[in-house]
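Quick look at what TrEMBL annotates:
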type	residues	note
ACT_SITE	A:Lys83	active site, charge relay system
ACT_SITE	A:Ser158	active site, charge relay system
ACT_SITE	A:Ser182	active site, acyl-ester intermediate
DOMAIN	A:24-477	domain 'Amidase'
Amino acid sequence: MSWIKKTAAELADALAAGEVTSVELTQAHLDRIAAVDGDATAGVHAFLHVDAEGALAAAEASDKRRAAGAPLHHLDGVPIAVKDVLATQGLPTTCGSKILEGWIPPYDATVVRKIKAAGLPILGKTNMDEFAMGSSTEHSAYGPTRNPWDQTRIPGGSGGGSAAAVAAFEAPLAIGTDTGGSIRQPGAVTGTVGVKPTYGAVSRYGLVALANSLDQAGPVTRTVLDSALLQELIGGHDPLDSTSVDQPLPSLVDAARAGATGDLTGVRIGVISELSGDGWQPGVMARFQESVDVLVKAGAEVVEVSCPNFVHALAAYYLILPAECSSNLAKFDAMRYGLRVTPEGNPSSEEVMKASRDAGFGDEVKRRIIIGTYALSSGYYDAYYGQAQKVRTLISRDFEAAFESVDVLVSPTAPTTAFALGEKLDDPIAMYLNDLATIPANLAGVPGISVPAGLADEDGLPVGFQILAPALADDRCYRVGAALEALLTAEWGGPLLDKAPAVPENGTIR
Amino acid sequence: MSETLIPFDDVLASYDPALGLEVHVELNTVTKMFCGCPTEFGAAPNTQVCPTCLGLPGAMPVVNGKAVESAIRIGLALNCEIAEWCRFARKNYFYPDMPKNFQTSQYDEPICFEGYMDVEVDGETFRVEIERAHMEEDTGKSTHIGGATGRIHGADYSLVDYNRAGIPLIEIVTKPIVGAGAKAPDVARAYVGQLRDLILALGVSDARMEQGSIRADVNLSLSPKGSGVLGTRTETKNVNSLRSVERAVRYEMSRHAAVLGAGESILQETRHWHEDTGVTTSGREKSDAEDYRYFPEPDLVPVAPSREWVEELRATLPENPTAKKTRLQAEYGFSDLEMRDVWAAGALPLIEATVAEGTAPQSARKWWLAELLRRANDAGVELADVGVTPAQVAAVQALVDAKTINDKLARQVFDGLLAGEGTPEEIIAARGLAMVSDDGPLIAAIDEALAAQPDIADKIRGGNQAAAGAIIGAVMKATRGQADAGRVRELILEKLS
């Protein structure tokens, strides 16, 4: 089996055993990217920017460190891809937007700094919906990413690039960000693992904010253990992010290893009754129910739990998020960096700002800026933003009440499997509904994981199983997720991705 | 465009003024409000910047704890309540020198609220109520190149310096000050002056108005006499000296009265103060129509100062300025009249510092009020900015006490100090100002004067000691003022008795 098919944990072991070098691994992934990634018009198009030179230089440095016998991070030398929403010094960072075309950050996000410090070569920056606004990666200003399972379908969003890169074996690890499901939903529809850590468990410094109170960076991988390894690497308190949590989390890797034994005796699991019913694809519900049954067999106690305020989550989310992003995006004014459009004549700075923002932002971004500006306006603030914050409190209380009786909550990650590219592009509300199950965790700041639950009967596409835990109890997501993964993989006779069709390579793409 | 004005006294015949003062204090913290960049004044443009204060995508703010401490100490000194829990808020508006196009400020949860300061004008005390004091960050600074006015309109291009962006500010807002009547301009000036002294005493800011580290916005409205309703206000921005605060209030009162007297209404707007011409001109129309869409800053956690910490900070407060004034007046033995002049001139802290250097209080008072105040007024600057330090005044007085120079020569030493000619000793040496201490040349000069005025000599011999003055004057003239007049008198009387 070629190196690219191996998990990050396996690659780390192979590096440690001297079976392969980081340069070989990095080159293998760069070759894979060259073979399958294509561009805006065809191919997976998971990457907006590939940094072959930088990745190979980092790999070479890693090999030298290892040869010198220096103490190394466990993942030193294992390549990684980074969502284009995190600032990378010297590497373009566009957030999938024209307004940042050509911007090279002069600094690294804390997550990126930690990755570099640990010696992971960064393969490149992955595609995303513009400023992370979307559930399909179709809102990227640089063209959509395609689902490796079926290139006529969406890879989820906003982090479709990171999920597709991992699913297409272009990278063993990737970083995503999750504001309302942007790590978990792409994980679900590409048959990969995605984790949204507890709000504040991973620094947001250098993460170009969509909605500051909801955003959280996290791992995108093919296994639960790999996610645990990656979250432990990127997590922890950051003095540059005052909202980051200043207390250690229980060991996530230990939790993943404990879960992998398949024993969940004594674990209490709540099925969220509000996250099922009309609009939920039968094939999704079938795989979800089977997964619940697997957990019962593993020894878990399963009960149904009601979270009555979850039905208001989407409405609250689509006020809080636009409000915060309307303010965040004000800084893109062509004065200091990014796109500048200068109208004819002798334009004022205000006219330059206007023209640049008009040309630089896509429709979905403009839509949310308008909604957010309205929601914060004097006279409307209480009715919209203020009310949404109250709903948010109620949702947090639903979680608190539920976690009094259960250890984790579960639901399908998304209501449907990957839909066709273009299918929901003209219907923003239908697009927003994709995040129904993932949004409550962001509003409450609790952690969540999506693990593959099999393929839907209707379309043969991946289904995701979501596990939510109380804040700071990320380890529970890993334990239950690893158990489900181990039991289902045993049932399937191998990872779900083994069932994916071969990704078309160069020459066969067009 | 020149405005029609109504004479000040006529304004008061028909209207009651209401004042509101918003004072921005730039803190002297080593680093900025939300990042680690240095705050030093005068560095080359855009050299004290980082991703955070430049508003680069992804960068985040972290609150400067020292700035919070300064804010609380200012609040306590202004008799404010200190919030147990408060948040920062974003004030959203577009402007090229605002890196994020929102200012991180505080909105409905200020850290300090409900305080007061008693200000004294002509021996009368006015209580100025403080509505709030909140923390915020400064913007960058735009320089408009080309065009005649230095304003953005007509400029060829504009340069922005972000060194100032993110410097911590405390904005102190009064409640409407009513009832000051004719003293409104003086109350405004006294408030800002006393606030400046308080800030200096707290040591939280350089408090230099001319450098902009204290900036006052003056709100003014008029209401028909006795009506008790507040009229429409104007906000005059960036009034950068105590004198200008007083003048701006006076000017706006006269202007408002003219507009209202003509049956028109006051436009709620921002006005610019012109230091040189002493007038205000219309700025941008402001009004409450401007919607800043405030909401709590999601990148920062709430500030929740513990009561223990607040009490610790209370213990660090300097003496209350009013109590201190009473104490010093008694210690220095100043009469009420003397103290009033000292206070009005803002000379008390200067005198205190001079006394601390070993000078007798009355001597210190004499130099600051009789000599240096005149020079400050001539130069149009505050006394504290006259260019002579308390240590220098003390050094000059020490030389007078040692009879190295006399008062008259001392004035020339101050000339030298203001001209930057070095230390008092250097100036005395360079200008040849030392008094003639040898009796020989004095006796020669006396003999010469007596010979020139024999009739005066006779009067003195006849017992008219007052007549010696004419001879002393002649001797002083002959020695270019460098004689000790007392010694000359002794010598004359010795000679003629």
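Every residue gets a Cβ built from N, Cα and C, even glycine.
Unlike curated records, TrEMBL annotations are generated automatically.
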Largest tally of Cβ atoms lying within 10 Å of a Cβ, found at which of the active-site residues A:Ser158, A:Ser182: A:Ser182
At the Cα level, what's the spacing in Å between A:Ser158 (active site, charge relay system) and the residue listed as 'active site, acyl-ester intermediate', rounded? 5
For A:Lys83 (active site, charge relay system), just give me the three-state DSSP call. strand
What mean pLDDT does the predicted model reach across the domain 'Amidase' (A:24-477)? 97
I need the CA-to-CA distance for A:Lys83 (active site, charge relay system) versus A:Ser182 (active site, acyl-ester intermediate), whole Å please. 11
Other than its own, how many Cβ atoms are within 10 Å of the Cβ belonging to A:Lys83 (active site, charge relay system)? 32
Reduced DSSP assignment, A:Ser158 (active site, charge relay system): coil
Could you say whether, by DSSP, A:Ser182 (active site, acyl-ester intermediate) belongs to a helix, a strand or a coil region? coil
